[in-house]
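Undergrad: TrEMBL feature annotations, pasted as is:
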- 57-81: transmembrane segment (TRANSMEM)
- 102-123: transmembrane segment (TRANSMEM)
- 129-149: transmembrane segment (TRANSMEM)
- 156-175: transmembrane segment (TRANSMEM)
- 181-201: transmembrane segment (TRANSMEM)
- 230-248: transmembrane segment (TRANSMEM)
- 254-274: transmembrane segment (TRANSMEM)
- 295-315: transmembrane segment (TRANSMEM)
Amino acid sequence: MTSSLDHAHSRAHSSSDSAPRNRFMAYLALTKPRVIELLLVTTAPVMVLAERGIPSLWLLAFTLIGGALSAGSANTFNSYIDRDIDKDMGRTSSRPLVTGEISSRQALVFAWSLGIASVALLWVTTNALAALLSLAAILFYVFVYTLWLKRRSEQNIIWGGIAGCFPVLIGWAAVTGDLSLEAWILFIVVFLWTPAHYWPLSMRYREDYSSVGVPMLAVVRGPREVSVQVILYAWATIVMSLLLIPIAPMGPLYWLAAVGGGAWFIIESHRLYARAIRGESDLQPMKVFHSSISYLTLLFLAVGVDPLLALIPGLPGY
């Protein structure tokens with residue numbers, strides 16, 4: 001009898017412990033942590049480049065936390081606004097606002113809280129420019145992309161993707177207090193990369209977007225035309241990334257990453273086009289999607305490591 005009571009008490013205690021954990025994970029899911037992770041991949045290396053060395057670890061930490069809060073706020077607002085269509089898309093049907101784990105009011109309060117915390121933290125720990133850029137990123141993503149372009153224009157990702165370029169500027173501004181040409185080059189790199197990265201994903205989930213009336217390029221155009229656009233933006237991304245070499249300037253490691261990683265990205269883009277031309281039923285667009293992530297990660301890793309190699313006396317090429 002005692003054993004049964006102990007077992008029941010243990011189960012009840014376990015259930016009560018799991019509730020806060022489940023609620024925490026639901027709030028975390030609202031912020032789209034995988035998107036935040038990718039955004040932060042661009043922030044830290046840019047700060048190293050701006051410093052031409054390792055910036056203050058406190059500055060690095062506060063900037064990354066502020067950036068994560070900013071992106072989390074924008075993504076939560078996006079989830080709140082899109083909750084009506086998320087329930088009808090297979091890819092998004094398990095999001096917390098759709099399942100009811102988080103109420104609409106709770107999500108809205110959470111989004112505002114993250115946004116205010118981001119701007120306040122960056123203002124106090126970095127500078128006003130970084131804080132204002134964080135605010136601009138949230139406003140752009142919410143109003144320009146989510147509310148205006150996403151459901152109205154096939155160009156939604158091109159211009160809406162600007163919000164995803166802000167972490168580069170925030171990182172640079174946090175270190176220097178201004179925005180130089182190097183920062184704008186990397187901003188444009190991410191801007192050009194975004195359509196080539198996202199359009200293959202929209203090809204994979206074309207039916208989802210079509211079913212809810214979101215005019216992604218893959219919905220309103222055929223796979224041949226979409227794959228051509230992916231190629232053009234991929235090439236433009238690589239060319240822009242090479243401009244950083246004489247401007248920064250950058251050394252051999254960055255050159256290898258830009259050319260080698262870029263070649264892989266471009267090859268996968270051309271393979272997508274070849275499959276579209278042949279009329280294959282399985283275009284395998286996610287190969288381009290994943291190669292684009294690997295390319296950007298490799299490129300910005302080189303952005304962060306290359307300036308550190310330049311500090312080593314006598315290192316060839318630096």
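Note that Cβ sites are derived from N, Cα and C of the backbone, with glycine treated the same way.
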Undergrad: Between 57-81, 156-175, 230-248, who has the most Cβ pairs under 8 Å to the transmembrane segment (254-274)?
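TA: That would be 230-248.
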Undergrad: Near the transmembrane segment (57-81), which same-chain residues lie under 8 Å Cβ to Cβ, leaving out any that are not at least 6 residues past its ends?
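TA: Contacts with the transmembrane segment (57-81): 30-32, 35-36, 39-40, 43-44, 47, 95-97, 104, 107-108, 110-115, 117-119, 121-122, 125-126, 130-131, 134-135, 137-138, 141-142, 145-147, 163, 166-167, 170-171, 174-175.
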